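Taken straight from TrEMBL:
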DNA_BIND  2-101  DNA-binding region
DOMAIN    2-101  domain 'OmpR/PhoB-type'
Amino acid sequence: MNHTIELNGLIIDTDSRTITNEQGNKITLRPHLLSVLCLLTENLGDPVSREDIIDMCWEGELTSPHILANVIYNLRNVFTRLRTPDIQITTITKFGYILSVDPT
């Protein structure tokens, strides 16, 4: 069974760990990128704390404090590469992140 999530024209396939835009451009995501993206998508428009992301995606254990920031950076680059400027991950200082979609 194929598990897909639609996000403003993007198709996220959790089984194949791919994200595809409307033009058919596809990027394969590393497991933690997919986990964080799915968590942010489930909470679309709502802030998610760093602690919740770490607990849900890394089972509470990070080997480096920079790993989460790198994952967010890489996800932002994925959205840029897929030409989806209306999808944004915003940093909430001293709290976490929020995934938002600007209405078009």
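Cβ coordinates are placed from backbone N, Cα and C, and glycine is handled just like the others.
Just so you know, TrEMBL annotations are computer predictions that nobody has curated.
Counting residue by residue with DSSP, the domain 'OmpR/PhoB-type' (2-101) contains 36 helix, 28 strand, 36 coil. Averaged across the domain 'OmpR/PhoB-type' (2-101), pLDDT for the predicted model comes to 95.
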